[in-house]
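**Student:** Supplied in structure tokens, the structure appears directly below.
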Amino acid sequence: MATCIRFCGVRTKLSNRFTEVIQSAHLPNAQLKCSYCDFIRRQFSCVCNTRITSALPPCRRGLQYRRKHSWCPEINRQNTCVTLTGSPRHSLLGTARFSKDYSLLSRSLYSPFSYAPAFDSRQSRYCWSGSSGSNSSSSPPGDSNDPASAGADDPAGDGKNDGSDGEEDGDEMEHTGSVPEMPISPGIMPLSPMTVPEVWPRVPVIAIKRNPVFPRFIKMIEITNPSLMDLLRRKVKLNQPYAGVFLKRDEDNEQEVVKQLGEIYNVGTFVQIHEMQDLGDKLRMIVMGHRRIKITDVLPEDADYTPILETKPETEMTVNNHKRGRRRRKKVAPEAEVIGELVAEQDKANNDMSSFKTIPASITEVLMVEVDNVAHDPYKSTEEVKALTAEVVKTIRDIIAMNPLYRETVAQMIQGGHRVIDNPVYLSDLGAALTGADSSELQAVLEETNIPNRLMLALSLLKKEYELSKLQQKIGKEVEEKVKQQHRKYMLHEQLKVIKKELGMEKDDKDAIEDKFREKLKDLVVPDHVMEVINEELTKLSFLDNHSSEFNVTRNYLDWLTNLPWGKFSTENLDLARAREVLEEDHYGMEDVKNRILEFIAVSQLKGSTQGKILCFYGPPGVGKTSIAKSIARALGREYYRFSVGGMTDVAEIKGHRRTYVGAMPGKAIQCLKKTKTENPLVLIDEVDKMGKGYQGDPASALLELLDPEQNSNFLDHYLDVAVDLSKVLFICTANVTDTIPDPLRDRMEMIDVSGYVAEEKVAIAQRYLVPQALNNSGIKEDQVVLDESALTLLIKSYCRESGVRHLQKQIEKVYRKAALKIVNKEMDKISVNPDNLQDFVGKPLFTSDRMYQETPSGVVMGLAWTAMGGSTLYIETSVRQWLDGGSGKKGEDDKRQGSMELTGHLGEVMKESANIAYTVARSVLHTRQPENCFLAKRQIHVHVPEGAVPKDGPSAGCTIVTALLSLAMDRPIRQNVAMTGEVSLRGKVLPVGGIKEKTIAAKRAGVDCIILPAENKKDYSDLQSFITEGLEVHFVETYDDVFPIVFPDN
């Protein structure tokens, strides 16, 4: 046995087909069937002859009660309705409590299929409402308005029961409609549609954002606040599925329960919960709005009971009946006691309402509020209202026609059987709900009580939505048209491809790619080992999918293999006269470089074939090392390709990447072949002395294979992985110094020294190349500015003493820019630049004097030094710090008081060692030539090299330091206008040094007429041009004994 959770609460046996057979102790012969619920249904009537269908438990046998209820026309007060019609065998007693609006207050517990009587105000009767889909006005089984039912229950047609057998009545009262068997999930609570009360003053608050709920519209709401969830569950269990939905003022507020009333609008919607799904941590509800309500006060959370209007005392007859009922219930079965418990619980809840007359002052959360219904102002169907209604309908139709998505929405919003155009109230809500306006605008429509104004607000929102729909449609059409064009183009291309394929004019993509690669190989002389790899890759390509990553890798690999110039050579110029003319045209001087190139051409002419070579030009900046390489390429008729390795730290730049890497590509050597499209280009590798070294490897070591004439004929790149012949390539490298070049790499190259220019060479270069280039860049005509040769000489001597001509080019361009400014300002028409006005164009001179001493005193000697900027003069100064004679006389102390030397001038370690050696040699020479002279042995000597901020290092100043110490010791100046260089050994040998040309140029620029050089450097001096050595007295010495008579002559 299970307890019926319907209206009656009788314990009954339930079957799978929703059919029950009740065998009651009070109705021993009764078997009543019901296909909808699990309780007994009967028809009863009041004294007003109004038929009522209710579900009541069995009561005392043989008693008849006919009493009036509160909604009878004769008595207009709340009362207990006790109705009875039937024979003594089947007498039933029912008690129901009604309010003034005829809504049933004492109801059954909540059930999945709840059928309860509801009052239909239009037909002045209560009707059945259930979840079977029938509306509230549908007649229940056995209703007097149903002819079939009336005939079955009342054959006489007078509306009275004839007292027939209960079993027959049960069969006749069975509903003819079919209700499908619906398994209900424990978490889903579909609520039965019932007549919504017109007055429900206390409701829970559901705060939403963005869009309010309009009357007659449905919305799904999810609740996660525990307090609000418990309140709604309690309401639903009491079969009071009503709430108030209010819109938040702040759309960013994510709280579901507001703290103050100011956080929500005070006008909202009274909604009925149609379905509720309890998911544990949240509630998912489907609610339907019914009317507008307005908040009047806040209630505490526990004020969630149904408000009951004040009732009058029951009549004596009613009390007596209750007493009889209590006496009877003591004898009836336990099933009949359930309804009494329910009624008692509800009465107790109603009586407890008096405790909430005073509301607590502190309310932390607004869960329950007291509301009043908001009625719209009375209106007449004037022409204005009709016009507004028609315009709203027209706008809705336009929106639906423009956007078909609204059609389904409107179909769901409009209930069947309603004429929307005849109801301006609903039409205004429909128009507002259809739009996506702001929440404040929708709330304004909800709060408006004047119907014409509400229609106008809804119309304005619809017009905005219509304009938005038009813009959306325009954008959609543009996008659709673009997509159609692309799709159409794609389809036409595909069709054209198929047509060409059918006609034999075009093949598949793979076949076309293979044909393209083979077409490239037709005019090439590809080595056999390379052709074998190409064929393997083409076969592999034919089996790969076009969209696979391996397909693209293989395709790129084949593209590199087929784009290399296999067997292609550029025609070389073997005419020596033409080559010399080109070299002289672009560069002045540099005879060593030009002669080496002419030798290269002569060998190629004799051999009858091109050849490769590895050359390295080293020298100071600005002397034309990079530019001469381009001139050589033009003179030889070869393609030119340049790349710099300065700062390079990745070996893959030289040897290429592995093909497995993303973005892999060959190295620079293979790239130059693809770009120049020839196997014998001229490749310039710039700045080989500035290569770096990182975790990716050492590029200098990678160049060993590339620049080795014996190995580069089978150069193996990591990407190509096939041998490539680079023996026909002419490699030219450039460097400023050779010290930082690794010895194995320097050994593979032919080193050619490109030294600096002397003043005469600079003047010639300026007149031939730099001045015409400056004229062209400045836009000045040749006759407008004249730069005198004397001005150029002064510019070179006082401003541009470096070995190269880059700084000289900048100064000349500066002169012509200043001249251009004067010409444009019309200060001068023609300008002549001479030594007198040169400072007006280039400023004050940087070098005012070439010599520190016009006459060198004793202890001072001019030396010659080499720097990266060229040669320069270097003075060595010596002086006495302290005299050590006049000691105590003791032999031990006198032995300790020996001479010493201190060095200053930012000297390097090598130069310090050279100075110490020179000090020893000077003491030895002085002791040999003047034994009585103990100057160096008895004194503390201070040796200084001027310009202390400039670092200095190297052994070439040894001979100069020895001479300065001897001059100081003998207190005798050396021969004037003498400069020297050379390293001295501990035994007095003068060793060779480098930079003879630069040092000679520096000595001549300083006005020196006699220089002393090591004998081993005679070959270097003999290579100098005659205009450099002209006017110079040169002495080549092997030991310092050869130097002494030159600097200290007898006369």
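Glycine is treated like the rest: Cβ placed from N, Cα and C.
Marked as region 'Disordered' by TrEMBL: 130-188. Positions annotated as compositional bias 'Low complexity' by TrEMBL: 130-154. Look at TrEMBL and you will find 203-466 tagged as domain 'Lon N-terminal'. According to TrEMBL, the feature ATP binding site maps to GLY619, PRO620, PRO621, GLY622, VAL623, GLY624, LYS625, THR626. What TrEMBL records for 855-1050 is domain 'Lon proteolytic'. Annotated active site per TrEMBL: SER956, LYS999, in sequence order.
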**Student:** Relative to the Cα of LYS999 (active site), which of the recorded positions PRO620, GLY622, VAL623, THR626, SER956 has the closest Cα?
**Tutor:** SER956
**Student:** Check the domain 'Lon proteolytic' (855-1050) for me and report the mean pLDDT.
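**Tutor:** Summarising the domain 'Lon proteolytic' (855-1050) by its mean pLDDT gives 86.
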**Student:** For the recorded positions listed here, LYS625, LYS999, which shows the highest count of neighbouring CB atoms within 10 A?
**Tutor:** LYS999
**Student:** CB neighbours of GLY619 (ATP binding site) within 10 A?
**Tutor:** 24
**Student:** Just name the most isolated of the binding-site residues PRO620, PRO621, GLY622, GLY624, going by other Cβ atoms within 10 Å of its Cβ.
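**Tutor:** Each of the binding-site residues PRO620, PRO621, GLY622, GLY624 was scored; lowest Cβ tally within 10 Å is PRO621.
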**Student:** Cα-Cα, whole number of Å: LYS625 (ATP binding site) versus SER956 (active site)?
**Tutor:** 27
**Student:** I need the least crowded one of these recorded positions (THR626, SER956), counting other C-beta atoms within 10 angstroms of each C-beta.
**Tutor:** THR626
**Student:** Run through the Cβ atoms and count how many others sit within 10 Å of the one on VAL623 (ATP binding site).
**Tutor:** 25
**Student:** Taking just the CA atoms, what is the gap between THR626 (ATP binding site) and SER956 (active site) in Å?
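**Tutor:** Their Cα atoms are separated by 30 Å.
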**Student:** Quick one: Cα separation, PRO620 (ATP binding site) versus SER956 (active site), in Å?
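**Tutor:** PRO620 (ATP binding site) and SER956 (active site) have their Cα atoms 19 Å apart.
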**Student:** What's the CA to CA span in angstrom from PRO621 (ATP binding site) over to SER956 (active site)?
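**Tutor:** It is 22 Å, counting Cα to Cα.
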**Student:** Name them in sequence order: residues not among GLY619, PRO620, PRO621, GLY622, VAL623, GLY624, LYS625, THR626 whose Cβ is within 8 Å of the mean position of the Cβ atoms defining the ATP site.
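**Tutor:** So the additional residues around the site are PHE617, THR734, ASN736, VAL754, SER803, GLY804, ARG806.
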**Student:** Between VAL623 (ATP binding site) and SER956 (active site), what is the CA-CA distance rounded to a whole number of Å?
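**Tutor:** So the alpha carbons of VAL623 (ATP binding site) and SER956 (active site) sit roughly 24 Å from each other.
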**Student:** Round to a whole number and give the Cα-to-Cα distance in Å for the pair GLY624 (ATP binding site) and SER956 (active site).
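**Tutor:** One finds 27 Å between the Cα atoms of these residues.
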**Student:** Using the alpha carbons only, what distance in Å do you get between SER956 (active site) and GLY622 (ATP binding site) once rounded?
**Tutor:** 25
